[in-house]
Amino acid sequence: MQTSSDVVAGYHDNSVHWRCNNNQTRKESFVNKITSTAALLLSMGIALPAAAQEDTIKVGILHSLSGTMAISESTLKDELLMLIEQQNENGGLLGKQLEPVVMDPASDWSLYAEQARDMLTGDDQVDVIFGNWTSASRKAVLPVVEEENGLLFYPVQYEGEESSENIFYTGAAPNQQAIPAVDYLMSQGVERWALLGTDYVYPRTTNKILEAYLKDHGVADDDIMINYTPFGFSNWQSIVAEVKDFGSQGKKTAVVSTINGDANVPFYTELANQGVSAAEIPVIAFSVGEQELSGIDTGPLVGHMAAWNYFMSVDSDANYDFIDNWVEFTGNDMAVTNDPMEAHYIGFNMWLEAVRKAGTTDVDAVKDSIIGVSVPNLSGGSSAMMPNHHITKPVMIGEIQDDGQFSVVWKSAGTIAGDAWSDYLPESQNLISDWRAPLRCGKLNVDTMTCEDGAGAE
Amino acid sequence: MTPTHTMNRRPGSVSGSQAGTGLRRCLAVVTVLLVWLVGVSPVQAEVTPQRAQALLQALDTDDFEAKAEAAQAIAASDAAQKTRWLKTLLDGRLGRERDGERFYIITDDSGREWPIIDAITFEDAGTGSRRSVDTFRINNDLRTQLQRLIASLSLGAGDEATRLAAAKRLVGEVDAQSAESIATQLDNEESPAVRAELETALALYRVEQGDASGLATLRGNLDTRIRNSLADIANSDSPIAAQAGDVLAGIESKRAWYERGQTLFFGLSAGSVLVLAAIGLAITFGVMGVINMAHGELIMLGAYTTWMIQQLLPGQPGLALLLAIPGGFLVAGAFGILIERSVIRFLKGRPLETLLATFGISLILQQLVRTVFSPLNRRVNSPDWLQGAWQLNEALSLTLNRLGVLIFCLVVFAALWALMRYTRLGLEVRAVTQNRTMARSMGVRAARVDMLTFGLGAGVAGLAGVALSQITNVGPNLGQSYIVDSFLVVVFGGVGNLWGTLVAGMSLGVINQVLQPWVGAVLAKVIVLIGVILFIQKRPQGLFAPKGRTS
């Protein structure tokens with residue numbers, strides 16, 4: 001649902017989208033890996049004419065390679081190609097080779113749904129899909145994967161309040177990112193809160209949860225400031241001045257930022273220019289990662305924070321190996337890794353494990369076998385798939401360094417299980433989700449024990 | 001430092017809020033150091049390697065409180081290396097061997113293999129990497145404390161800026177213990193700026209003690225710490241509450257004026273961006289009646305030109321930016337002429353088709369940039385003289401990049417106006433605008449004027465791109481964010497009128513900024529849009545109508 005360039009999605013909805021897919025991915029990254037013809041075919045959404053089609057397992061990759069989301073999503077496509085290549089070198093899966101099926105939904109939400117249907121029912125009949133970034137595109141694909149009984153692994157942190165039988169959420173739910181971040185700031189003595197966000201569903205839902213949470217913890221109405229700005233907003237002067245004023249009333253103040261995509265660059269530039277340092281008013285962001293920082297001079301931003309489940313600077317051998325592989329695969333010494341990449345790494349390995357466990361790629365069998373599967377994550381521990389189709393992850397707070405990396409200043413004691421339905425919103429606090437056999441319910445009201453959504457509802 | 005300082009620092013025990021104690025303790029150190037150290041240069045002696053090892057060893061903990069203690073122990077020690085240790089700790093370049101006892105300083109942390117030196121002897125230790133050296137991490141509180149410690153260590157040098165910075169930090173932090181020594185220091189201080197800060201700090205202390213004599217000094221002071229302290233006093237039952245409230249009211253009204261000034265500046269700078277983006281359009285749209293939907297992409301080309309020139313001149317962002325001004329103009333202008341020659345002149349008098357064709361061109365240019373440069377945003381560096389802010393006083397500061405854009409906008413406007421007013425081309429353009437047929441019959445080559453006009457408009461769009469590269473993202477979508485606003489400004493200002501564009505852009509910017517704090521950015525934009533639509537209903541020709549009969 002977010003980051004890098006949901007950007008001007010609002011602005012762009014009425015512009016023409018490129019239906020003809022193009023080959024403008026990162027050339028350096030994979031032309032030297034696959035022949036350029038293959039690359040062209042791949043990015044045009046045509047499966048490679050494999051010699052023995054029955055003998056491959058098809059993995060759908062549904063990430064935008066053009067349009068506004070390409071900035072974030074094309075990296076994930078490259079990562080999956082790398083993971084598939086590595087798996088094939090290690091003998092494939094169930095004795096078969098994996099075969100990537102790449103499509104380009106071109107940052108057009110309805111095209112995501114169309115191409116997902118094409119992947120599941122067309123010539124390819126993929127066994128699993130890894131894809132999507134924005135919540136809007138996930139919402140578009142959801143009915144398709146449910147109707148066609150597909151599997152979708154969704155790698156980005158999102159607003160929660162959803163659980164589908166066919167979607168596995170490997171990114172963070174609000175309780176795995178936003179709530180721990182606020183807890184950390186409270187422990188640092190923060191008493192006033194400016195919640196700044198881009199004006200769409202993820203920031204609004206997250207801020208609603210945070211506002212309820214802060215008020216539960218005795219924060220007065222006057223000490224919370226909420227502000228929304230459009231996608232791609234660049235005129236931050238008066239908002240930053242307002243925050244500065246808000247923070248100069250004698251109480252320790254922090255900014256919780258759900259600002260998305262491109263708007264972050266002018267936001268941080270304005271902070272630096274107006275002299276708002278992390279020592280006075282720290283900003284903690286939920287959508288700013290290594291990739292976004294690569295476009296900013298981070299010198300003046302040292303000390304501002306981000307909350308994620310993974311940072312490229314995480315100290316573990318699994319992470320260093322992953323980075324080495326990634327640098328080698330892309331052929332770019334400066335290539336960065338980020339949290340959604342780790343989410344795909346975990347999701348991909350969970351799916352492999354579940355298929356091995358089930359002995360088949362049959363969707364229903366995999367859905368059953370994946371619950372409880374535990375695989376190593378990149379921060380040195382392991383993550384497990386919960387019955388609500390969310391996973392357990394450690395939560396980390398990192399401070400921006402002048403080299404564009406984060407230094408981890410706080411890490412949760414263990415892993416935290418993702419909560420599909422927030423406990424802090426009155427409308428969802430009684431809801432849980434459990435897709436295991438007898439229950440099979442995505443929206444179970446524990447008060448009345450009625451199932452509002454899922455197979456168990458019938 | 002002498003042991004005395006260590007003694008003074010210790011009394012604070014670990015209690016109360018975690019963040020607060022360390023900071024306060026550190027402040028106490030700074031206060032004491034400030035008072036004692038001016039002009040005193042501490043004699044530094046070598047410490048034994050074992051002692052040095054122990055000092056560094058204490059940093060090797062995950063608890064930031066303990067790390068802060070260790071840093072203070074280093075600052076108070078006699079180790080000759082202590083300043084370098086603290087500085088590298090601050091930069092995240094001090095670490096220890098992963099499976100060993102040695103401590104290293106990373107001399108260059110770019111890349112994946114770092115050259116390292118021994119932290120105690122400063123001898124070359126080969127190279128290390130993230131797998132072999134664990135760097136010591138710091139967080140915000142610790143960073144602040146380290147900066148204070150380093151500042152106080154260099155106080156011996158005692159230049160005025162350092163003393164001033166230290167004196168500024170004292171405001172609101174004075175207690176009975178330090179008040180006397182500050183008073184002593186005030187007598188010895190020569191710099192008027194430092195004296196003023198010290199006097200303010202003491203006056204605030206006296207007021208907090210219920211002594212009204214300090215209020216006179218505080219009158220009109222814009223420092224937020226003073227405002228907050230006075231607000232507390234005014235709301236308490238202190239005997240001087242009423243007097244403090246009086247001073248506070250004065251401060252608040254002074255601040256209010258500066259805040260209005262700041263809003264005006266914000267508005268003008270937002271307006272100047274609009275004017276820059278729209279003024280090229282005012283020329284093409286106004287003179288030729290061409291609805292150029294690719295105008296935004298011409299802006300984008302100007303921004304990319306800036307980026308490319310910066311790539312050619314690494315390390316010289318200032319020079320690159322200056323060169324980008326003619327560069328952006330020429331590149332965007334050349335593209336403009338190309339578009340005019342290849343497409344627009346064949347669609348003369350068919351506005352709908354021109355609109356669609358130029359919209360197509362805009363998409364082609366966007367995708368061209370995506371293919372050639374990648375869909376990722378490009379980072380354009382700002383030269384030092386466009387970073388930071390010009391701090392007029394505590395309440396009013398003008399950010400330099402915005403100020404630069406505002407000035408640049410006025411210069412571009414003046415140059416364009418002069419061009420239209422005093423040159424042959426300007427005369428011909430105005431003639432064609434007013435009456436195309438008549439101008440042609442007087443020997444003006446209208447086709448050539450069209451081409452040059454379009455090139456000029458496109459070139460000015462390129463200039464806007466150069467300016468925008470300093471305040472927003474340089475990416476394939478840059479232009480789309482500005483095209484709607486540009487048309488809005490041109491239509492509001494009156495088609496084909498440069499003054500109209502200037503006034504319209506500036507006033508829309510100011511209105512937007514005035515509305516924003518009340519209704520938020522999204523609604524402010526909506527209100528402005530509705531306002532302009534209503535205005536156009538009443539006055540279709542815009543603010544400044546072209547004079548004379550229109551043909």
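Note that the numbers count up from 1, one per residue, in the order the chain is shown.
The backbone N, Cα and C atoms fix where each Cβ goes, and this holds for glycine too.
TrEMBL annotations: computationally assigned, not manually curated.
Residues annotated as transmembrane segment in TrEMBL: B:264-291, B:319-339, B:351-369, B:400-420, B:446-467, B:487-511, B:518-536.
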Report task. Given the cut-off of 8 Å on Cβ pairs that are 6 or more apart in sequence, determine whether the transmembrane segment (B:264-291) and the transmembrane segment (B:487-511) share at least 3 such pairs. Result -> yes
Query raised in the report: Where else in the chain does the transmembrane segment (B:351-369) make close Cβ contacts, counting only residues six or more beyond its ends and a cut-off under 8 Å?
Result: 289-294, 296-297, 300-301, 304, 335, 339, 343-344, 476-477, 479-480, 483
Query - Tertiary contacts of the transmembrane segment (B:319-339), as residues 6+ beyond its ends and Cβ separation under 8 Å - result: 294, 298-299, 301-303, 305-306, 309-310, 312-313, 358, 361, 365, 383, 386, 451, 454-463, 465-466, 469-470
Report summary line: Tertiary contacts of the transmembrane segment (B:518-536), defined by C-beta under 8 angstroms and 6+ residue spacing from its ends, are 488, 491-492, 508, 511-512, 542
